[in-house]
Amino acid sequence: MTSKYAIILAAGQGTRMKSKLYKVLHPVCGKPMVDHVLTEIEKNNMDEIVTVVGHGAEMVEKTLGDRTKYALQAEQLGTGHAVLQAEKLLGDKDGMTLIACGDTPLFTAKTFEELFEYHKSKGAVATVLTAHAENPFGYGRIIRNEIGIVEKIVEQKDATVEEATVKEINTGVYCFDNKELFAALHQIKNDNAQGEYYLPDVMEIFQKQGKVVAAYQMKNFEESMGVNDRIALSNATKVMRRRINENLMRQGVTLIDPDTTYIDIDVKVGSDTVIEPGVQLKGKTEIGADCYIGAHSEIIDSVIEDGVKVTSSYIEDAVMHKNSNIGPYSHLRPKAEIGENAHIGNFVEVKKATIGKNTKVGHLTYVGDATLGRDINVGCGTVFVNYDGINKHHTTVGDYSFIGSASNIIAPVNIADHAYVAAGSTITDDIDAHDMGIARGRQVNKKGYFDRYPVAEAARIAEEKAKEE
């Protein structure tokens with residue numbers, strides 16, 4: 001079986017991005033561009049992958065880790081020079097080598113597989129992946145002879161007027177006989193408009209040597225979209241987003257408006273889940289089956305189990321167990337865990353807290369650094385006061401307890417099972433099982449005090465107007 005290798009070119013500075021972030025690390029649907037390329041290449045069961053890095057090498061290595069080896073291109077002298085930097089790692093190996101660019105995130109594993117198969121079937125030393133472009137400006141042109149054989153690849157800046165009219169373009173992806181590739185790379189020259197060593201020049205070298213050079217024209221030009229600036233990044237993101245959304249819909253997920261639904265590449269969604277417009281699902285989020293994700297919700301790196309309803313809320317690094325619900329306008333912060341069939345209502349914030357099964361936190365409440373048991377009712381306006389200005393403190397509320405509205409729970413306290421907190425209390429001590437905690441001043445009614453305040457005059461005027469109606 002023929003060995004398969006790959007070289008990913010990721011050394012370009014990407015000055016047109018006008019960014020501090022290394023170009024190939026700009027994300028497309030939640031994953032850096034170069035990671036998209038590596039992931040699709042990996043699906044072809046490669047024997048070894050080398051990524052050529054330059055500016056920002058450490059950041060690329062941190063992102064991709066040990067999934068690939070690395071070669072450094074210290075000076076940017078062209079694509080041919082970049083590939084040559086991998087010679088120490090691959091130069092003596094027999095087999096086929098795929099070359100792809102780290103700023104082309106839309107290529108699929110299937111396209112790479114088809115290129116490998118076509119290359120083998122033609123017995124070629126080099127095969128370039130081409131595409132038909134209605135507007136080929138900026139791309140290298142595939143120049144064929146009268147019988148259709150590839151003679152050379154000409155870059156835009158070096159093309160004659162006639163060559164510039166050719167619409168078959170170089171996608172920047174190749175398959176080579178590995179040893180033949182590195183032998184030819186030592187023969188290319190930099191006598192061109194850019195003064196660089198172009199990888200495509202090896203094609204002409206092979207032709208002059210009488211070796212087989214092939215071209216495989218892919219069906220979908222869209223895959224070949226490279227990213228050199230923010231506009232191209234936006235266009236690539238649109239294509240990837242459409243691809244993700246259509247795949248989910250084929251798997252039984254309902255997207256009310258796919259054009260306004262933003263789902264990252266690693267997100268998983270179960271069947272019969274309904275996603276409304278304006279939703280953003282990011283990172284490693286997992287959504288179960290039969291869920292409802294309401295308009296303008298944003299969910300990041302969270303687990304949403306089957307049957308959960310999320311209404312216009314923000315959830316990050318949290319877990320919602322099956323048949324629970326949240327919203328509208330609530331916020332689950334990191335390490336929030338919402339139990340089965342629990343209810344988190346509107347304008348509620350939960351941070352680093354566990355909410356038990358069937359527990360209800362209806363509205364206008366903050367729950368931080370707390371463990372709440374099952375079947376608890378937390379009244380409106382309750383605040384779990386967890387921070388003393390230096391340290392965070394934990395509160396525990398036992399099963400079947402009741403927290404009255406407008407209560408302040410000053411951590412650290414333990415409220416036992418079957419305990420009751422009277423509305424309006426500020427709780428600073430533990431409450432035992434079956435006890436009620438009440439901490440508020442007694443009501444005192446001041447006779448005639450209403451008439452002492454300015455509101456009394458306003459009320460008198462309103463009352464007179466009401467009589468005239």
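Here the Cβ of each residue, glycine as well, is placed from N, Cα and C on the backbone.
Marked as region 'Pyrophosphorylase' by Swiss-Prot: 1-230. The UDP-N-acetyl-alpha-D-glucosamine binding site annotation in Swiss-Prot covers 9-12, Lys23, Gln73, 78-79, Gly140, Glu155, Asn170, Asn228, Arg333, Lys351, Tyr366, Asn377, and the record cites sequence analysis as its basis. Annotation comment: Swiss-Prot describes Asp103, Asn228 as Mg(2+) binding site. Annotation comment: Swiss-Prot describes 231-251 as region 'Linker'. If you look up Swiss-Prot, you'll see 252-469 marked as region 'N-acetyltransferase', on the strength of sequence analysis. Summarising the annotation, Swiss-Prot assigns active site, proton acceptor to His363. According to Swiss-Prot, the feature acetyl-CoA binding site maps to Asn386, Tyr387, Ser405, Ala423, Arg440, an assignment based on sequence analysis.
The DSSP breakdown of the region 'Linker' (231-251) into helical (H, G, I), extended (E, B) and coil residues amounts to 20 helix, 0 strand, 1 coil. Residues Asn386, Tyr387, Ser405, Ala423, Arg440 are the ones the record ties to acetyl-CoA, and the longest Cα gap between any two of them is 22 Å. If you average pLDDT over the region 'Pyrophosphorylase' (1-230) in this model, you get 94. One residue stands out among the recorded positions Lys23, Arg333, His363, Arg440 for having the most other Cβ atoms within 10 Å of its Cβ: Lys23. Ranking the binding-site residues Leu9, Ala423 by other CB atoms within 10 A of the CB puts Ala423 at the bottom. Note: the CA-CA distance between Arg333 (UDP-N-acetyl-alpha-D-glucosamine binding site) and Asp103 (Mg(2+) binding site) rounds to 34 Å. Taking the Cα atom of each, Ser405 (acetyl-CoA binding site) and Tyr366 (UDP-N-acetyl-alpha-D-glucosamine binding site) are about 12 angstrom apart.
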